[in-house]
Amino acid sequence: MLARFPLYLRLIRMDKPIGSLLLLWPTLNALWIASDGHPAPSLVVIFALGTLLMRSAGCAINDYADRDFDRHVKRTAERPLTSGKIRAWEAIAIAVGLALVSFLLILPLNGLTKELSVVAVFVAATYPFMKRFFAIPQAYLGIAFGFGIPMAFAAVQDTVPMIAWAMLAANVFWSVAYDTAYAMVDRDDDLKIGMRTSAITFGRHDVLAIMLCYAAMLGIYVWLGAALHFGWPYWAGWAAAAGCSIYHYTLIKDRERMACFAAFRHNNWLGGVLFAGIAAHYALAVR
């Protein structure tokens, strides 16, 4: 078992934290806004660990669902499950175990948060299979990656206000943007094996679609900042995030594979500076 441990870590992408960070930033945004900048440390720990665990569980489920497709894609052919180094039942067992630990984390929280967690698990577990049916499965991914937002509001306020759903919508647009750039890396392979992705659906309009999704996401955050009367630190963070999106355009405009992958990874900075703006607004407002 110990000899297989490194394979399990690769299965759940512990060597690639970018996915966890893309889940974490929107969740932290929600925690800070829901608590007026003063989230309980215990909640921050619970949601940070929950984000890591559920993203890891999602990776295991994704590799299980895609195991027959991944062997035909150069980038994924050597994943532990695809290459036969671990078995399918091991991936399922790991996913279930991680999901159970995640549920244990939220046991101290209120009933609404627990109810929403059931929806979150369902969406996360079914996302990998949506790539067979949906033309833009990245939108479904945005719901899965962003469900920590309504859960955070529920944990703090015991309700989910409209602003939480607006933030979830923003996350859907953001996910479509960054994951389309990611899908552009594998587009040729995905076309051969019949996988459905937004990069294939958007076709020659892929770059335009990505930039429109960034614009929609940033537009929602303009409304959010105005509605909550945020000060200049927030708008500085927003401007930095907008600058990141423009930089991403320079990377994806020629559709070069590695540049598209770099744009995907750089979204960590976009999410980070936006959260920094929110946190700085509340921190400076106290003084």
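Just so you know, glycine gets a Cβ as well, placed from its N, Cα and C.
Sequence-distant neighbours of the transmembrane segment (30-50) (same chain, 6+ residues past either end, Cβ-Cβ under 8 Å): 24, 102, 105-106, 108-109, 148-153, 155-157, 163-164, 167, 224, 228, 275, 278-279, 281-283, 285-286. Taken from Swiss-Prot, the feature transmembrane segment covers 30-50 (among others), and the record attributes it to sequence analysis.
Annotated transmembrane segment per Swiss-Prot: 92-112 (among others), in sequence order. Among residues of the same chain six or more beyond the transmembrane segment (92-112), those with a C-beta under 8 A of the stretch's C-beta atoms are 8, 11-12, 42, 46, 49-50, 53-54, 56-58, 60-61, 64, 121, 125, 154-155, 158-160.
What Swiss-Prot records for 133-153 (among others) is transmembrane segment, and it gives sequence analysis as the kind of evidence.
Sequence annotations record features per position, and here Swiss-Prot assigns transmembrane segment to 158-178 (among others) based on sequence analysis. Here the transmembrane segment (158-178) has long-range neighbours at 22, 26, 29-30, 33-34, 110, 112, 116, 136, 138-139, 141-143, 145-147, 149-150, 152, 198, 209-211, 213-214, 216-217, 220-221, 223-224, 227-228, 245, 248, 263-264, 267, 270-271, meaning same-chain residues at least 6 beyond its ends whose C-beta is under 8 angstroms from one of its own.
Marked as transmembrane segment by Swiss-Prot on the basis of sequence analysis: 207-227 (among others). For the transmembrane segment (207-227), same-chain residues at least 6 beyond its ends with a Cβ under 8 Å from one of its own Cβ atoms are 33, 163, 166-167, 169-171, 173-174, 176-177, 180-181, 198, 234-235, 238, 241-242, 245, 248-249, 252-253, 255, 274.
As annotated by Swiss-Prot, transmembrane segment applies to 232-252 (among others). Beyond its flanks by at least six residues, the transmembrane segment (232-252) meets 177, 181, 184, 206-207, 210-211, 214-215, 218, 221-222, 225, 259-260, 262-263, 266-267, 269-271, 273-278, 280-281, 283-284 of its own chain at Cβ-Cβ distances under 8 Å.
Annotated transmembrane segment per Swiss-Prot: 266-286 (among others), in sequence order. Panel annotation: around the transmembrane segment (266-286), residues 18, 21-22, 24-26, 28-29, 32-33, 36-38, 174, 177-178, 221, 230-231, 233-238, 240-241, 244-245, 247-248, 251 of the same chain, lying at least six beyond its termini, place a Cβ under 8 Å from a Cβ of the stretch.
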